[in-house]
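K.L.:
Mind having a look at this structure? Questions to follow.
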(Lines of atoms letter the chains of each structure in order from A and count residues from 1; the text may use other names and numbers.)
(Lines give C-alpha, C1' and ligand atoms only; values in the text may rest on other atoms or scores of the structure.)
Protein backbone atom coordinates (compact mmCIF):
# COMPACT_ATOMS: atom_id res chain seq x y z
CA UNK A 1 0.00 0.00 0.00
CA UNK A 2 1.41 3.43 -0.81
CA UNK A 3 2.32 5.75 2.02
CA UNK A 4 -0.08 8.66 1.70
CA UNK A 5 -0.38 9.56 5.35
CA UNK A 6 2.00 12.50 5.40
CA UNK A 7 0.92 16.06 6.01
CA UNK A 8 1.85 18.21 3.05
CA UNK A 9 0.38 19.18 -0.29
CA UNK A 10 2.49 16.53 -2.02
CA UNK A 11 0.30 13.67 -0.79
CA UNK A 12 -1.75 12.28 -3.64
CA UNK A 13 -4.29 9.50 -3.35
CA UNK A 14 -4.13 7.25 -6.40
CA UNK A 15 -5.77 3.83 -6.51
CA UNK A 16 -3.46 2.76 -9.35
CA UNK A 17 -0.28 3.08 -7.30
CA UNK A 18 1.45 -0.30 -6.85
CA UNK A 19 1.17 -2.06 -3.52
CA UNK A 20 4.18 -1.61 -1.25
CA UNK A 21 4.77 -4.92 0.47
CA UNK A 22 7.22 -3.44 2.97
CA UNK A 23 4.64 -1.16 4.58
CA UNK A 24 4.41 -3.34 7.71
CA UNK A 25 7.93 -2.33 8.75
CA UNK A 26 9.22 1.14 9.44
CA UNK A 27 11.76 2.24 6.87
CA UNK A 28 15.04 3.93 7.74
CA UNK A 29 13.79 7.38 6.53
CA UNK A 30 10.71 7.02 8.75
CA UNK A 31 12.85 6.09 11.76
CA UNK A 32 15.12 9.08 11.17
CA UNK A 33 12.04 11.30 10.83
CA UNK A 34 10.71 10.03 14.17
CA UNK A 35 14.01 10.86 15.88
CA UNK A 36 14.05 14.37 14.38
CA UNK A 37 10.40 14.94 15.32
CA UNK A 38 11.10 13.91 18.92
CA UNK A 39 14.10 16.23 19.25
CA UNK A 40 12.36 19.16 17.55
CA UNK A 41 9.29 18.69 19.76
CA UNK A 42 11.28 18.66 23.01
CA UNK A 43 13.51 21.58 22.07
CA UNK A 44 10.99 23.56 20.06
CA UNK A 45 8.10 23.51 22.53
CA UNK A 46 10.25 24.59 25.48
CA UNK A 47 12.22 27.21 23.55
CA UNK A 48 9.25 28.77 21.80
CA UNK A 49 7.16 28.74 24.97
CA UNK A 50 9.97 30.66 26.67
CA UNK A 51 10.18 33.15 23.80
CA UNK A 52 6.41 33.71 23.91
CA UNK A 53 6.56 34.22 27.67
CA UNK A 54 9.46 36.69 27.46
CA UNK A 55 8.04 38.71 24.56
CA UNK A 56 4.51 38.81 25.94
CA UNK A 57 5.19 39.51 29.61
CA UNK A 58 8.80 40.55 30.22
CA UNK A 59 10.32 42.22 27.17
CA UNK A 60 9.65 45.86 26.36
CA UNK A 61 6.87 46.35 23.85
CA UNK A 62 9.27 46.87 20.98
CA UNK A 63 8.78 46.04 17.33
CA UNK A 64 11.36 43.27 17.58
CA UNK A 65 9.24 41.74 20.34
CA UNK A 66 6.23 41.78 18.00
CA UNK A 67 8.22 40.02 15.25
CA UNK A 68 9.57 37.33 17.51
CA UNK A 69 6.29 36.86 19.34
CA UNK A 70 4.53 36.02 16.07
CA UNK A 71 7.42 33.84 14.91
CA UNK A 72 7.48 31.96 18.20
CA UNK A 73 3.70 31.44 18.17
CA UNK A 74 3.90 29.96 14.66
CA UNK A 75 6.80 27.71 15.62
CA UNK A 76 5.16 26.72 18.90
CA UNK A 77 1.91 25.68 17.21
CA UNK A 78 3.87 23.75 14.58
CA UNK A 79 5.75 21.87 17.29
CA UNK A 80 2.52 21.05 19.14
CA UNK A 81 1.30 19.26 16.01
CA UNK A 82 4.31 16.93 15.96
CA UNK A 83 2.70 14.20 18.12
CA UNK A 84 0.10 13.78 15.34
CA UNK A 85 2.83 13.24 12.76
CA UNK A 86 4.69 10.96 15.13
CA UNK A 87 1.64 8.80 15.89
CA UNK A 88 0.72 8.30 12.25
CA UNK A 89 4.25 7.31 11.22
CA UNK A 90 4.53 4.84 14.09
CA UNK A 91 1.25 3.29 12.89
CA UNK A 92 2.66 2.96 9.35
CA UNK A 93 0.91 6.15 8.21
CA UNK A 94 -2.51 5.04 9.42
CA UNK A 95 -4.77 8.05 10.12
CA UNK A 96 -6.93 7.37 13.20
CA UNK A 97 -8.24 10.92 13.69
CA UNK A 98 -11.21 11.03 11.27
CA UNK A 99 -12.12 12.96 8.13
CA UNK A 100 -12.58 16.40 9.70
CA UNK A 101 -9.23 16.15 11.44
CA UNK A 102 -7.67 15.09 8.14
CA UNK A 103 -8.69 18.44 6.65
CA UNK A 104 -8.00 20.66 9.64
CA UNK A 105 -4.92 19.35 11.45
CA UNK A 106 -2.53 18.95 8.48
CA UNK A 107 -3.71 22.32 7.15
CA UNK A 108 -2.93 23.97 10.48
CA UNK A 109 0.54 22.43 10.37
CA UNK A 110 1.13 23.90 6.92
CA UNK A 111 -0.30 27.27 8.00
CA UNK A 112 2.13 27.57 10.87
CA UNK A 113 5.11 26.36 8.85
CA UNK A 114 4.50 28.88 6.06
CA UNK A 115 3.79 31.64 8.58
CA UNK A 116 7.21 31.00 10.12
CA UNK A 117 8.92 31.37 6.74
CA UNK A 118 7.08 34.53 5.77
CA UNK A 119 7.55 36.13 9.19
CA UNK A 120 11.28 35.49 8.96
CA UNK A 121 11.34 37.25 5.59
CA UNK A 122 9.38 40.16 7.12
CA UNK A 123 11.87 40.46 9.98
CA UNK A 124 14.73 40.58 7.49
CA UNK A 125 13.02 43.32 5.46
CA UNK A 126 12.45 45.33 8.64
CA UNK A 127 16.11 45.17 9.58
CA UNK A 128 17.03 46.22 6.06
CA UNK A 129 14.81 49.33 6.28
CA UNK A 130 16.08 50.14 9.75
CA UNK A 131 19.64 50.45 8.45
CA UNK A 132 19.10 51.82 4.93
CA UNK A 133 16.15 54.14 5.54
CA UNK A 134 16.32 55.20 9.20
CA UNK A 135 14.52 58.53 8.64
CA UNK A 136 11.47 56.74 7.24
CA UNK A 137 11.62 54.27 10.12
CA UNK A 138 11.70 57.09 12.66
CA UNK A 139 8.62 58.66 11.11
CA UNK A 140 6.49 55.65 10.22
CA UNK A 141 7.88 52.48 11.80
CA UNK A 142 5.62 51.63 14.71
CA UNK A 143 3.87 48.80 16.48
CA UNK A 144 0.69 49.22 14.42
CA UNK A 145 2.54 48.81 11.12
CA UNK A 146 4.39 45.80 12.52
CA UNK A 147 1.12 44.09 13.46
CA UNK A 148 -0.25 44.82 9.96
CA UNK A 149 2.85 43.23 8.40
CA UNK A 150 2.40 40.18 10.61
CA UNK A 151 -1.26 39.95 9.59
CA UNK A 152 -0.24 40.04 5.92
CA UNK A 153 2.26 37.23 6.52
CA UNK A 154 -0.37 35.11 8.27
CA UNK A 155 -2.89 35.87 5.51
CA UNK A 156 -0.50 34.79 2.76
CA UNK A 157 0.30 31.64 4.74
CA UNK A 158 -3.43 30.96 4.91
CA UNK A 159 -3.73 31.29 1.13
CA UNK A 160 -0.90 28.80 0.65
CA UNK A 161 -2.74 26.38 2.93
CA UNK A 162 -6.15 26.53 1.20
CA UNK A 163 -5.39 23.81 -1.42
CA UNK A 164 -4.52 21.35 1.32
CA UNK A 165 -7.79 22.07 3.13
CA UNK A 166 -9.97 21.86 0.00
CA UNK A 167 -8.58 18.68 -1.53
CA UNK A 168 -7.60 16.64 1.52
CA UNK A 169 -9.60 13.44 2.01
CA UNK A 170 -9.40 10.09 3.81
CA UNK A 171 -9.48 6.74 2.07
CA UNK A 172 -9.68 3.25 3.51
CA UNK A 173 -7.18 0.61 2.46
CA UNK A 174 -7.60 -3.13 3.02
CA UNK A 175 -4.18 -4.69 2.32
CA UNK A 176 -3.12 -4.04 5.04
CA UNK A 177 -6.19 -2.43 6.66
CA UNK A 178 -5.57 1.26 7.36
CA UNK A 179 -7.06 4.70 6.78
CA UNK A 180 -4.97 7.11 4.70
CA UNK A 181 -5.11 10.90 4.79
CA UNK A 182 -3.91 12.74 1.71
CA UNK A 183 -4.63 15.30 -1.00
CA UNK A 184 -6.75 14.09 -3.91
CA UNK A 185 -6.49 16.27 -7.02
CA UNK A 186 -8.34 13.67 -9.08
CA UNK A 187 -7.08 13.39 -12.65
CA UNK A 188 -6.31 17.12 -12.95
CA UNK A 189 -2.53 17.03 -13.08
CA UNK A 190 -2.34 20.69 -14.10
CA UNK A 191 -3.98 21.78 -10.86
CA UNK A 192 -1.55 19.71 -8.84
CA UNK A 193 1.41 21.23 -10.69
CA UNK A 194 0.04 24.76 -10.28
CA UNK A 195 -0.22 24.22 -6.52
CA UNK A 196 3.34 22.87 -6.41
CA UNK A 197 4.71 25.82 -8.40
CA UNK A 198 2.86 28.37 -6.24
CA UNK A 199 4.13 26.65 -3.10
CA UNK A 200 7.71 26.71 -4.43
CA UNK A 201 7.64 30.38 -5.49
CA UNK A 202 5.67 31.92 -2.61
CA UNK A 203 6.79 29.57 0.14
CA UNK A 204 10.46 29.19 -0.74
CA UNK A 205 11.97 31.20 -3.63
CA UNK A 206 10.53 34.60 -2.67
CA UNK A 207 11.36 34.34 1.07
CA UNK A 208 14.81 33.00 0.22
CA UNK A 209 15.51 35.89 -2.16
CA UNK A 210 14.28 38.35 0.47
CA UNK A 211 16.56 36.85 3.11
CA UNK A 212 19.56 36.74 0.80
CA UNK A 213 19.16 40.27 -0.55
CA UNK A 214 18.48 41.90 2.82
CA UNK A 215 21.35 40.27 4.65
CA UNK A 216 23.77 40.74 1.75
CA UNK A 217 23.12 44.49 1.65
CA UNK A 218 23.29 44.69 5.44
CA UNK A 219 26.64 42.94 5.39
CA UNK A 220 27.98 45.23 2.66
CA UNK A 221 26.83 48.31 4.59
CA UNK A 222 28.50 47.04 7.75
CA UNK A 223 31.77 46.41 5.96
CA UNK A 224 31.69 49.71 4.06
CA UNK A 225 31.43 51.63 7.34
CA UNK A 226 34.13 49.53 8.96
CA UNK A 227 31.73 49.41 11.89
CA UNK A 228 32.01 45.79 12.90
CA UNK A 229 34.15 43.53 10.83
CA UNK A 230 34.02 40.73 13.35
CA UNK A 231 32.83 37.30 12.36
CA UNK A 232 29.71 37.80 14.47
CA UNK A 233 27.72 39.55 11.73
CA UNK A 234 28.95 37.16 9.07
CA UNK A 235 27.93 34.17 11.17
CA UNK A 236 24.39 35.49 11.58
CA UNK A 237 24.04 36.18 7.85
CA UNK A 238 25.41 32.83 6.73
CA UNK A 239 23.58 30.82 9.39
CA UNK A 240 20.11 32.29 8.74
CA UNK A 241 20.23 32.04 4.95
CA UNK A 242 22.00 28.67 4.91
CA UNK A 243 19.62 27.10 7.44
CA UNK A 244 16.60 28.29 5.46
CA UNK A 245 18.03 26.91 2.22
CA UNK A 246 19.27 23.60 3.65
CA UNK A 247 16.22 22.62 5.67
CA UNK A 248 13.53 23.62 3.17
CA UNK A 249 15.19 22.64 -0.11
CA UNK A 250 14.52 18.85 0.09
CA UNK A 251 10.84 19.42 0.88
CA UNK A 252 10.34 21.83 -2.00
CA UNK A 253 12.37 19.88 -4.58
CA UNK A 254 10.66 16.56 -3.88
CA UNK A 255 7.25 18.24 -3.93
CA UNK A 256 7.94 19.80 -7.33
CA UNK A 257 9.30 16.54 -8.76
CA UNK A 258 6.35 14.49 -7.52
CA UNK A 259 3.85 16.87 -9.08
CA UNK A 260 5.35 16.13 -12.51
CA UNK A 261 5.69 12.35 -12.04
CA UNK A 262 3.15 9.59 -12.44
CA UNK A 263 2.23 7.99 -9.08
CA UNK A 264 3.14 4.56 -10.46
CA UNK A 265 6.67 5.55 -11.52
CA UNK A 266 9.66 4.18 -9.56
CA UNK A 267 11.00 7.69 -8.94
CA UNK A 268 7.68 8.81 -7.45
CA UNK A 269 7.61 5.80 -5.12
CA UNK A 270 11.21 6.45 -4.06
CA UNK A 271 10.43 10.08 -3.27
CA UNK A 272 7.35 8.96 -1.33
CA UNK A 273 9.56 6.88 0.93
CA UNK A 274 11.64 9.98 1.68
CA UNK A 275 8.60 12.18 2.29
CA UNK A 276 8.54 11.94 6.09
CA UNK A 277 12.25 12.66 6.29
CA UNK A 278 11.91 15.76 4.10
CA UNK A 279 9.06 17.07 6.26
CA UNK A 280 11.04 16.46 9.45
CA UNK A 281 14.00 18.30 7.92
CA UNK A 282 11.80 21.30 7.16
CA UNK A 283 10.53 21.22 10.75
CA UNK A 284 14.05 21.81 12.06
CA UNK A 285 13.95 25.30 10.58
CA UNK A 286 10.83 26.07 12.63
CA UNK A 287 12.80 26.03 15.87
CA UNK A 288 16.32 27.05 14.97
CA UNK A 289 16.30 30.70 13.86
CA UNK A 290 15.90 32.47 17.23
CA UNK A 291 18.60 30.12 18.56
CA UNK A 292 20.89 31.37 15.81
CA UNK A 293 20.31 34.99 16.82
CA UNK A 294 21.01 34.24 20.49
CA UNK A 295 24.06 32.03 19.95
CA UNK A 296 25.68 34.13 17.21
CA UNK A 297 24.84 37.42 18.90
CA UNK A 298 26.59 36.73 22.21
CA UNK A 299 30.07 35.62 23.15
CA UNK A 300 30.42 32.20 24.75
CA UNK A 301 31.45 33.59 28.13
CA UNK A 302 28.58 36.06 27.99
CA UNK A 303 26.13 33.24 27.32
CA UNK A 304 27.43 31.39 30.37
CA UNK A 305 27.01 34.44 32.60
CA UNK A 306 23.49 35.27 31.47
CA UNK A 307 20.27 33.37 31.99
CA UNK A 308 18.30 32.33 28.91
CA UNK A 309 15.45 34.80 29.57
CA UNK A 310 18.03 37.56 29.91
CA UNK A 311 19.60 36.57 26.59
CA UNK A 312 16.20 36.57 24.92
CA UNK A 313 15.38 40.01 26.28
CA UNK A 314 18.73 41.20 24.96
CA UNK A 315 17.95 39.91 21.48
CA UNK A 316 14.36 41.13 21.40
CA UNK A 317 15.01 44.69 22.52
CA UNK A 318 15.95 47.22 19.90
CA UNK A 319 18.13 49.60 21.86
CA UNK A 320 21.33 48.97 19.92
CA UNK A 321 19.65 49.16 16.52
CA UNK A 322 17.68 52.25 17.53
CA UNK A 323 20.85 53.96 18.68
CA UNK A 324 22.51 53.12 15.37
CA UNK A 325 19.53 54.43 13.40
CA UNK A 326 19.34 57.64 15.41
CA UNK A 327 23.07 58.18 15.08
CA UNK A 328 22.88 57.65 11.33
CA UNK A 329 19.87 59.95 11.11
CA UNK A 330 21.64 62.73 12.99
CA UNK A 331 24.73 62.44 10.82
CA UNK A 332 22.59 62.51 7.69
CA UNK A 333 20.70 65.60 8.84
CA UNK A 334 23.95 67.35 9.83
CA UNK A 335 25.45 66.60 6.43
CA UNK A 336 22.39 67.96 4.65
CA UNK A 337 22.49 71.10 6.81
CA UNK A 338 26.13 71.70 5.97
CA UNK A 339 25.42 71.38 2.25
CA UNK A 340 22.62 73.92 2.45
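Glycine is treated like the rest: Cβ placed from N, Cα and C.
Residues annotated as topological domain 'Extracellular' in Swiss-Prot: 1-30, 87-103, 168-193, 259-275. Annotation comment: Swiss-Prot describes 3-11 as region 'Required for CHIPS binding'. Summarising the annotation, Swiss-Prot assigns sulfotyrosine to 4, 7 and lists similarity to another entry as the type of evidence. Residues or ranges marked as region 'Involved in C5a binding' in Swiss-Prot: 14-23. The transmembrane segment annotation in Swiss-Prot covers 31-57, 63-86, 104-125, 147-167, 194-219, 236-258, 276-296. According to Swiss-Prot, the topological domain 'Cytoplasmic' annotation covers 58-62, 126-146, 220-235, 297-340. Residues annotated as disulfide bond in Swiss-Prot: 102-181. Look at Swiss-Prot and you will find 307, 310, 320, 325, 327, 331 tagged as phosphoserine, backed by similarity to another entry.
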K.L.:
Same-chain Cβ contacts of the transmembrane segment (236-258) under 8 Å, 6 or more residues past its ends?
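P.N.:
Sequence-distant neighbours of the transmembrane segment (236-258): 8-10, 12, 117, 120, 124, 196-197, 199-200, 203-204, 207-208, 211-212, 215-216, 218-219, 267-268, 271-272, 274-275, 277-279, 281-282, 284-285, 288-289, 292-293, 296-297.
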K.L.:
For the disulfide-bonded residues 102, 181, which one has the sparsest Cβ surroundings, going by other Cβ atoms within 10 Å?
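P.N.:
With the disulfide-bonded residues 102, 181, fewest surrounding Cβ atoms within 10 Å: 102.
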K.L.:
Taking only the residues in the region 'Required for CHIPS binding' (3-11), give me the average pLDDT of this model.
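P.N.:
Mean pLDDT for the region 'Required for CHIPS binding' (3-11): 43.
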K.L.:
Sequence-remote contacts (6 or more beyond its ends) of the transmembrane segment (63-86), Cβ cut-off under 8 Å?
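P.N.:
Residues packing against the transmembrane segment (63-86) from afar: 6-7, 34, 37-38, 40-41, 44-45, 48-49, 51-52, 55-56, 97, 105, 108-109, 112-113, 115-116, 119-120, 122-123, 126, 141-143, 146-147, 150, 153-154, 276, 279, 283, 286-287, 289-290, 315-318, 321.
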